[in-house]
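Report on the following structure.
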Amino acid sequence: MERQIPSESLSLNEGCEIEISYKNNGNESIWYKAIIEAKPPKNSTFKELCVRLLKEDVSTPLNELRNKVLIRPIPPKNVQACIDLEIGSIVDADYKDAWWAGFVVKVIDDDKFWVCFDSPPDIIQFDRNHLRPHLEWVDEKIFSWWIIGPTRNSEFLKRLAEEPMFSPGTMVELCSKRDEGEVVWVPAMVFKEFKENDEYKYIVKDKPLIGRSYRTRPNKTVDLRSLRPIPPPIRVKEYQLEDYIEVYHDGIGWRQGRVVETRGGVMESLSQRWCTLLIEATKKQLTFKQSDLRPLRVWEDGLWKMLQTRESSLTQGSGDKTGDSVMNANESNPPVTPPPGITITPLKQTEAETQRKTFPKKTLLRNQNGSGNDSTRENENSNRKRKREGNLCSVSSVEENKVKDTTTALLFEKKLPVWKILESMEVFKAVPQNPHFSPLAEIGEDSREMLAVGMMLTFSCLLDQVKALQHDETISSFISLSNSFTELETHGFNVQVAQLRINKLLTLRGMQSKKLDELKGVKKVTAEKESVKAENERKILELQRLNEEMNKEIAQSMSCEAKIVQQLDDMKLEFHATALAPW
């Protein structure tokens, strides 16, 4: 069910943070973080508003973007904090300086989440602080609001309830053939499941392990026969000669081999024991730690089957489950090439496909294993449901056919003396009411009259609240009052007059809000101009001070100049007197 949360109007003033989504990029579920800046364009001193994506240093004039992008404010964090995230939750993920829409497919330790994206298909792990619930923004110019739609992906949850073999986020092994015809199994993750020609297909990304990191490669679309679950871990105390095993080698995948030599170190621990293997496909011998090996097993008929020539001392790890797994085979060959001397029952592809397509649901299992009482109980529930729907339909019919000047038959008898007080109130004389209280049919008879009285008083109080509304009320107050009247309307109250007044007041409040935004913008411009003026006055005073100091320096320089001129005149006279003096 959708819920509406009031939103403040979109502000495009300088410094405001916004989100934008490009209309023609084929994916409007990506919202980029941006900020409004004011910069002077070329050959002009006037500033114009520009939009700068936080991931870039380049700004684009707002007027050039208006027809190319969708613009919205930052979603309210207080609303998002009230929504819990769980498997199936629709979220926005903070990825590459943008918010990408996806849904949660796995939760790890309550603070890490695997999020699945449809376009492009991918699954990425995020911390909780990099996720937010997905909200839609609606702008009707006069007022705007956020829509909290279905918070969970119903299609994914429905499919998950069917207990699919592989769902998005499942770690699997992908069958791959090498040039030598060798079949290897590569670790992979399922990103997406879809149906094509009545057959399930999977988009997967193989992730060959290189040390402890992943080397990702392009996505692949495969069918069920190319996948198998991760084998449950098995602890092997010691491998013996001629044991058939699998080893993860050179990032290629899990390769098939045979033990031809074993040796241990000083300490009798698994990490100190080494095995020399003969890789069946290449006939090469390589040495590995025993801890890097695992017994060779085949996934057949929904079970893991061991392939060995002796009775080994094997202990299956605690908590291992094969119920998570899936049938798996190559398109034309068994999943693993049978070693010499070992007979393996070929995988029955038709049975695997049939089991995959008709994987039993929980409800089907309950019907098959239950007794005849289950069907009787279902019939009773069905009859009860049809009876309840019939009652509701009849109530709806009565409500539609009622006449204004007649009194609708109530579901209770007016016994409380408070009814006389209510009927004498001025508010019900000014706005006469004749509610039918039909929804109370599902409430116990003892409670109906008290609830009806409460609704009458609520209606009176709501009208008083409408009259008490102030011009600076938040938009959420108007929407809350309107929703309350809508709820009363379902009980037969005449709320048309009240709703018309609320809508008119809300329109005026929206116009006032826009004018207030305009006033803020004008005040900001005025403040900027006054700041520039004050700066200019400061510069003028500074220049005057500099001129006064310069005048003093000029006067000192002129005084020095006059003194030097006088000294030159004295020297000139002394020169002539000396020259004309008698011998």
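Glycine is treated like the rest: Cβ placed from N, Cα and C.
Here's what TrEMBL has on this protein:
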| type | residues | note |
| --- | --- | --- |
| COILED | 522-563 | coiled coil |
| COMPBIAS | 310-333 | compositional bias 'Polar residues' |
| COMPBIAS | 365-374 | compositional bias 'Polar residues' |
| DOMAIN | 10-79 | domain 'Agenet' |
| DOMAIN | 83-139 | domain 'Agenet' |
| DOMAIN | 164-235 | domain 'Agenet' |
| DOMAIN | 237-301 | domain 'Agenet' |
| REGION | 310-393 | region 'Disordered' |
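For the coiled coil (522-563), same-chain residues at least 6 beyond its ends with a Cβ under 8 Å from one of its own Cβ atoms are 13-14. Secondary structure counts, DSSP: the domain 'Agenet' (237-301) has 6 helix, 36 strand, 23 coil. Averaged across the domain 'Agenet' (237-301), the predicted model reaches a pLDDT of 79.
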